[in-house]
């Protein structure tokens, strides 16, 4: 019902007609109000109506995690966890675990989304529990230890289990488990939009996307950037890519080169691999490449490909290893963790996250819809993965052209996505070099090299010394420094020039 009132007459002239009209208007408005037909006042542009604000606050409070089983004392930061529905029709929802910044002024700290790749591996079980999260799982699988180098000491960290089908995240529609790169990026963007609607006070924070996936991170970054003018506003500033496949052709060459240079494969296998594998897909390799790859794995023996110079776990293989071996028909030991050194650390996380009281505290699997035991990676997602880009260089060019902060890093003991692969792929971008390859240190006065770096126009590459595929696992201090430098937009610290000795100035070895 709409009521339109028109009046005539000059201002300041009260007549019987206007008096009657006013009386009639008041009567009509009173009747409309009594019938509930009047609309509420329109809220200010950009501000949700009051009842929406109350709903947001209630959702936040419902997601608040007061504490976790076995949690140590001294935890001063807030935590939230729960589900964000991204498709009502299919019943598709992603799980998240959010940790507020453990800083003097968390309200001023940036927001960082962390994703693990695989595809199909858990950002909670790997990223949060083994790499950069505030806790480490004790060897008893029931209690937690504080992580001295937790990344939430510099930023608010949001871990998301994506896509649906990765452990706690789920869908009521089985076809949703057949994923691909583009669908993954769009689903995760939808998650972000809805998460920001639930936590609107983070909309204008500096926002970054980070993780261990050369596909998920740049592809999601591209979607976020292209939707920069849509609502809600996301203050997207840059991306941090770890150990990521970038260009299948260059990555494949770099892989066989590293295997050979480290004495892991024969001359014949290197030559065969360089002949038949470049140009094939990592996710869907040709039979010819698979045959050579299997020969290479047999020659390597029982090593951990994610960190080739550390001992392997003597327990059953972890699902995480299938990301590397499964396309070629072989399993291998699980990823490692330092410090303290524990080659079977992944099983501590598996035990802890399967405890019913832990899942209850995390607000995970509250309906019991996830019937299978929690595991670090989803074989279903990995085995059914479809569309996978073979070249991410055009995406990088677009993001660099947009002026976003772009950093890439990888460990030098990783044989899965080795330094040689990443450097070849980045070289293919043909970016001008701002600062040539140099050693960096944990502080300008440190004598021991922390790693190496090169700065291009629009992109920075960092290689922490002695790190494997999961850089924060093996070199947590270096990884944390790298993260802080990335957030500040500052290069890795170089040693003062006058502290560097030329070969002629060094003492003899005898």
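Every residue, even glycine, has its Cβ placed from backbone N, Cα and C.
Database features (Swiss-Prot):
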type	residues	note
BINDING	116, 117, 118, 212, 213, 465, 466, 467, 468, 469	substrate binding site
DISULFID	277-289	disulfide bond
CARBOHYD	172	N-linked glycosylation site
CARBOHYD	365	N-linked glycosylation site
SIGNAL	1-34	signal peptide
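Structure coloured by features recorded in Swiss-Prot.
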| residue | record | Cβ neighbours (10 Å) |
| --- | --- | --- |
| 116 | substrate binding site | 31 |
| 118 | substrate binding site | 24 |
| 172 | N-linked glycosylation site | 13 |
| 213 | substrate binding site | 25 |
| 277 | disulfide bond | 24 |
| 289 | disulfide bond | 22 |
| 365 | N-linked glycosylation site | 19 |
| 466 | substrate binding site | 18 |
| 468 | substrate binding site | 27 |
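Annotated pair residue 172 (N-linked glycosylation site) and residue 118 (substrate binding site), C-alpha to C-alpha distance, rounded: 22 Å. Reduced to three states, the DSSP call for residue 116 (substrate binding site) is strand.
Residue pair residue 289 (disulfide bond) / residue 118 (substrate binding site) shows a Cα separation of 20 Å.
Here the Cα atom of residue 468 (substrate binding site) is found 23 Å from that of residue 277 (disulfide bond). Counting in whole angstrom, residue 277 (disulfide bond) lies 20 from residue 118 (substrate binding site) by their C-alpha atoms.
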